[in-house]
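Only one structure is covered here, and it is reproduced in the block below.
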Amino acid sequence: MASFLVGICLLLIQPQLVPSRPTSNRENHTSPVTCNEGESKEAAGAKNIENGAHLNGTQQYLPHIIIIGVRKGGTRALLEMLSLHSDIAAAESEIHFFDWENQYKRGLKWYLNQMPFSYPHQLTVEKTPAYFTSPGVPERIYQMNSTIKLLLILRDPIERVLSDYTQVFYNHKQKNKSYPPVEDLLLKHRELNTDYKAINRSLYYPYMENWLKYFTLENIHIVDGDCLIRDPLPEMQKVEKFLNLSPQIKASNFYFNKTKGFYCLRDGGRDRCLHESKGRAHPQVNSFLMGKLQDYFYEPNKRFFELVGRTFDWL
């Protein structure tokens, strides 16, 4: 009987187990952007529980940030560099929710389920570079969240055209298929072939004009892709400031890889570089073609500068 009473006492004084909860790596983190206009992240989080919250305190949120483009502008590099920040949770793949009809028809719940699991203090980001040039996307994103933060990374339009060509060229090469020389595609009867899709994608002005019908420049931060390649830290510091993130990304997070010819990342003692498909040498074009490209993009570039109130080293 005495041993039974002792056992009961031990059970009563044993501390109760409580689930552990992760702590933020920032004592004073910034208030996260809301998932939907007028809805707090806490309210959104309550809805997200049914989509599978984890016991460690993480769950899925609609994105607070979207990298909207541009194709071959450096979106992957921007996403990887932004992921160096501990308060960022990034979707791994391009989701194409807002620009592919078959995806968009699946609804926001499907979109939410494509997001990474994140802690409450983190901001979720996804990137799909085709968003920038897709006419219906700005309105669809605005309907989801009119105050969302948008990142647009742009390069010199001519460099972007050549990078676009290079990617398609190597895609054909990997399949043992031939692909015409760049001059054959860009010139037709010694005039610039303005029907070539890569050229149209580099006309930033009309696409930006469409985005500004729904979002102000306060919602959109333009990252200089050429500067990001040459010296990534200053551009990433501007991104941190735009997103109200604490300054975490440092020079020590980058090192120049002479073999690849571009900067790689160092994160917590671990080195990583972008895929080998990045940083490929562009084709050399003759002075005649280069002159045609420069003449063609001169006026559209000037109009774009006036539209965004900022100049770039493209002229």
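Glycine is treated like the rest: Cβ placed from N, Cα and C.
According to TrEMBL, the protein has these features:
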- Lys72: active site, for sulfotransferase activity (ACT_SITE)
- Lys72, Gly73, Gly74, Thr75, Arg76, Arg155, Ser163, Tyr263, Lys278, Gly279, Arg280, Ala281, His282: 3'-phosphoadenylyl sulfate binding site (BINDING)
- Cys264-Cys273: disulfide bond (DISULFID)
- 63-295: domain 'Sulfotransferase' (DOMAIN)
- 20-42: region 'Disordered' (REGION)
- 1-20: signal peptide (SIGNAL)
Considering only the recorded positions Ser163, Cys264, His282, which residue has the minimal Cα-Cα separation from Lys72 (active site, for sulfotransferase activity)? Ser163
Quiz question: given the recorded positions Lys72, Arg76, Arg280, His282, which has the greatest number of C-beta atoms lying within 10 angstroms of its own C-beta? Lys72
Listed in sequence order, residues with CB under 8 A of Cys273 (disulfide bond) and six or more positions away: Asn257, Lys260, Cys264, Leu265
Using a 10 angstroms cut-off on Cβ to Cβ distances, just flag whichever of Ser163, Cys264 is the loneliest among these recorded positions. Cys264
Looking only at the domain 'Sulfotransferase' (63-295), report the model's average pLDDT. 94
Nonlocal residues around Gly74 (3'-phosphoadenylyl sulfate binding site), in sequence order (Cβ under 8 Å, 6 or more apart): Ile153, Arg155, Val223, Gly225, Leu228, Ile229
